[in-house]
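Participant: Questions regarding the structure given below will be posed in turn.
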Amino acid sequence: MAKNKFNKSWLQDHLTDPYVKMAQKEGYRARAVYKLSEIDEQDHLIKAGMTIVDLGSAPGSWSQYVRNRLTELGKSNPKIESGKPDGQIIAIDILPMEDIADVSFIQGDFREEEGLAALEALLPKSAEGKVDLVLSDMAPNLSGVGVADSARMAFLAEIALDFATAHLKPEGALLIKCFNGSGYSQIVESFKKVFKTVASRKPKASRAKSSEIFLLGKNLKPPK
C-alpha cells in the first residue's frame, strides 16, 4: 500500500511539475535539461568550438541542450553552416538513445575496452584526443536503501572523474550529479585532488526534497 501511495505521489508531482510541462513544450526529452541550463548560465560551461562528452546520456535532454547551445553560438561564426553547432558532441550510454542531429551517440560502456575505443575514435586528433567538457547525469537504479544508493552513486562519480582526468584538456571541466549524503565528502575531496576549482550547485529544477546535487570541477591540476 505504501508503495502505491508513493507511486501516486510521484505521478502527481510529475504531472503538475512546471519543468516537465516546459520540457514537453520546448521539445526536450526530460526535465533534467533545466538543471544543466541553469548551471551553464551561471558558470558559462559551454563555449563555441568545444568538444563535449555526455556520459550516461540517455534519454538525451542534456545532449539536446548542448547541441542547441552550440548551434546558437555557431550563428556568430561565418565558417559554421547555418543550423549547425559550433563544436562537437559525443554521447555514450549503455541504454539506447534516439538520434539527435549532430550528436555522435555510442551505445556502450565507456569502462569497457570496446565502448571506450569507440568513443576515443571520435575525439579530435588535432587536440590529441582531449576534450573541453565532460558531463555526467548518471545515476544508479535506486533501491531505497540510502547507504547502498549513495555507494552506487559514489562509484559512478569516481568513474566519471577517472574518465575526465584521462581525457580533459588542462583547462577543461567536469560536471557530475551526486547525492549529498554518505560518501559525498569523499567525492568532493577526490575532485579537489584533480581540479584547481571545485564548486557544488543545486539548481532550481532539482527538487528541494531530493538529495541530488551537482559537482563542478574546473582546470586540471598538473600531474604530480
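These residue numbers are counts, starting from 1, taken along the chain as shown.
Placed from the backbone N, Cα and C atoms, the Cβ positions cover glycine too.
It should be emphasised that the depicted structure is a prediction, and the values quoted were computed from it without experimental measurement.
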Participant: From Asp93, Asp102, Asp149, grab the residue that Swiss-Prot records in the same S-adenosyl-L-methionine site as Gly60, Trp62, Asp109, Asp137.
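Facilitator: Answer, per Swiss-Prot (S-adenosyl-L-methionine site with Gly60, Trp62, Asp109, Asp137), from Asp93, Asp102, Asp149: Asp93.
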Participant: Find, among the recorded positions listed as Gly60, Trp62, Asp93, Asp137, Lys177, the one whose Cβ has the highest number of other Cβ atoms within 10 Å in the structure shown.
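Facilitator: Compared across Gly60, Trp62, Asp93, Asp137, Lys177, the most Cβ atoms within 10 Å surround Trp62.
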Participant: Translate the DSSP assignment of Asp137 (S-adenosyl-L-methionine binding site) into the three-state scheme.
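Facilitator: In three-state terms, Asp137 (S-adenosyl-L-methionine binding site) counts as coil.
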Participant: How big is the Cα-to-Cα gap, in Å, between Trp62 (S-adenosyl-L-methionine binding site) and Lys177 (active site, proton acceptor)?
Facilitator: 12
Participant: Run through the Cβ atoms and count how many others sit within 10 Å of the one on Asp109 (S-adenosyl-L-methionine binding site).
Facilitator: 14
Participant: Please state whether DSSP places Asp109 (S-adenosyl-L-methionine binding site) in a helix, a strand or coil.
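Facilitator: Coil, per DSSP.
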Participant: Pairwise over Gly60, Trp62, Asp93, Asp109, Asp137, annotated as binding S-adenosyl-L-methionine, what's the top Cα to Cα distance to the nearest Å?
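Facilitator: Value for the max Cα separation, rounded to a whole number: 18 Å.
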